[in-house]
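To keep things clear, I will list the structure first and then write my remarks on it.
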Amino acid sequence: MPSGGGGGGGECTIVWIRRDLRIEDNPALAAAVRAGPVIAVFIWAPEEEGHYYPGRVSRWWLKHSLAQLQSSLGSLGASFITKRSTDSVLSLIQVVKSTGATQLFFNHLYDPISLVRDHRAKELLTEQGIVVRTFNADLLYEPWEVNDDQGRPFSTFSDFWNKCLSMPYDPAAPMLPPKRIISGDVSRCPSDTLVFEEESEKGSNALLARAWSPGWSNANKALTTFVNGPLIEYSVNRRKADSATTSFLSPHLHFGEVSVRKVFHLARIKQVLWANEGNTAGEESVNLFLKSIGLREYSRYISFNHPYSHEKPLLGQIKFFPWIIDENYFKAWRQGRTGYPLVDAGMRELWATGWLHDRIRVVVSSFFVKVLQLPWRWGMKYFWDTLLDADLESDALGWQYISGTIPDGREFDRIDNPQVEGYKFDPNGEYVRRWLPELARLPTEWIHHPWNAPESVLQAAGVELGMNYPLPIVELDAAKARLQEALSEMWQQEAAWRASIENGTAEGLGDSLETPIAFPQDTQMEVDQEPTRNNPATNPRRYEDQMVPSMTASLQRVEEEPSMDRNSDGSSRPEVPTDTAMNPQPGRQTMNLLQTFRNNNIPQFNINLGLQNAHESTAESSSSGRRERDGGVVPVWSPSTSSYSEQYVGEDNGIGSSSSYLQTHPQSHQLISWRRLSQAG
DNA sequence: CTGGTGTTATC
DNA sequence: ATAACACCA
């Protein structure tokens, strides 16, 4: 061990590593190295995530990524401490005390739980006399940097992204990794052994290593491979359901194994190159790829400005939507037994591999919300549990988009036709045949709508509808009709709610309806039967394995759900002072969030950063240029920063609308405006 | 030029 | 679903 020679009883800096598992372009690490002796710390406290205890494949990734980081840090000379904890902040304090460290540096995160935890970390450690500095490592621009002409946050993606692409200063250039790190003294701060996978999960996890290589250096390889290969064809290939043409960077990016800024810069370099060659297709490919990077940025932006976006719709009308609470639907969807081949193929792939092409994610989630009318949070939770790149902010954005609950989301009344989508994304049926062996012998003509196939064709293909492959769980026409009914009920309820607000009666109606539907509690989350008879029998347990760990974890805390919501509900009106006196339940995670919002006016966000030099290239100048922006502020959501939250009803004041449904429901908008006027006057 | 038809994207 | 866009007669 490189021991604490340089540190000598203190003066060292703790770098708190989280989802920034890299040594390259890691601003907190770089700054710490510059400041003197360094101790890197990783704290595993999954219980802090509440419902969002990481799923099996996600934990598998983390385990391997962490191992690689640890060995890299070790070879640079740094010590790496790992701690098992149920309270990260307390553990941090212990680490600081036992190492005599005087500084704590870490990089920003933007999910709701981190916003609260990191804020608390900063407060408590500052109280202890520790210098706390935090940095932007996860985004091209901090959420508070990207505003419209009036200094307000954008509410649509395209506006947001256009602004990002035309900022007066470029995203910071990526920094090189430190050449050598002097370690602080860790002799009095032992590490805990971290356990990321249960015995029962190991078999299933072994399969993952065939397809994926976690870790920062593998992330760099994946990036290089992509930028030098598939990127140029990205635009042409993006329509294919086969995932072979995507960047495969999302899990790497989720864990911060590679910096988005590096991704951005490398892609941009290629773009300039191709533009000079007159390769417009290549140029366009980069635009499209960067757009998906932009969506990731936007998801953080949304999460920062609306910290409940992972559980509450941003447009509030939807809270009156009569969801169909049907766990059999839910189960059929998870098992890939809906009777719609493209949907089922996607769900089987997700189940088996933890991966899904973005297109297919849209197909299956849209089916979930619009055809099955299941509550979107269930679907999001399942994605969380099963996706290798599960990411709270990105997934929340995705599901809200599909559900039509953000201003630029899909229309409420739009139902995608899986058959049509099937021929679009999988014209030859290869994808369906790969994941639905029971349909493998069906001719392409019928592969996406076997229910229409002549009996003779089905027989020849060995398909028995209702036996080895289901009939459609819901007919599309029926789904359309049912959706229309549900929507008109939603509008009626909304109108009634507004009317009752005006009368000053029935104030609570909206609240009671808004209680989110708890995640299913049944133990039947595991698969109770073989999904298909013909499925490859190579590893029949695989299906069960996939299900058990994650959903079991959610079970343990399902009972907390209602109170959690009450909290979130209270915080949704942070501007209303009378509310502050109510809901005192302290000690709850979300309560902390609530308290933070209320007690904390941290409006120091709109720092003008016009001074940024776009062309810093060395670590030194780069971070000194960045110090002002990164040095002190821990991102914490505060009502004062999002004046435009008024625009959303998510926040209970019933304002806000997407242009698309404005047109179809002008009366609703009038009511809203009227109410707004009456309030103002 | 113009209207008709087909294609594509929508976070 | 639908609007923007391209292409064509």
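In case you wondered, yes, glycine gets a Cβ from its N, Cα and C as well.
Any TrEMBL annotation is an automated prediction that lacks curation.
For the FAD site that TrEMBL gives as A:Y234, A:T246, A:S247, A:F248, A:L249, A:S250, A:D389, A:A390, A:D391, the extra residue drawn from A:F289, A:F304, A:F330 is A:F289. Cβ-based crowding with a 10 Å cutoff singles out A:W399 as the top-ranked of the recorded positions A:Y234, A:W323, A:W399. Among the residues A:Y234, A:T246, A:S247, A:F248, A:L249, A:S250, A:F289, A:D389, A:A390, A:D391 said to bind FAD, no two Cα atoms are farther apart than 23 Å. With a 10 A radius on its CB, A:L249 (FAD binding site) counts 22 other CB atoms from all the protein chains.
When secondary structure is read from DSSP and collapsed to three states, A:F289 (FAD binding site) falls in the helix class. For the pair A:L249 (FAD binding site) and A:W399 (site 'Electron transfer via tryptophanyl radical'), the Cα-Cα distance reads 20 Å. Over the domain 'Photolyase/cryptochrome alpha/beta' (A:11-140), the average per-residue pLDDT in this prediction is 97.
Counting Cβ atoms from all protein chains shown, A:S247 (FAD binding site) has 21 others lying within 10 Å of its own Cβ.
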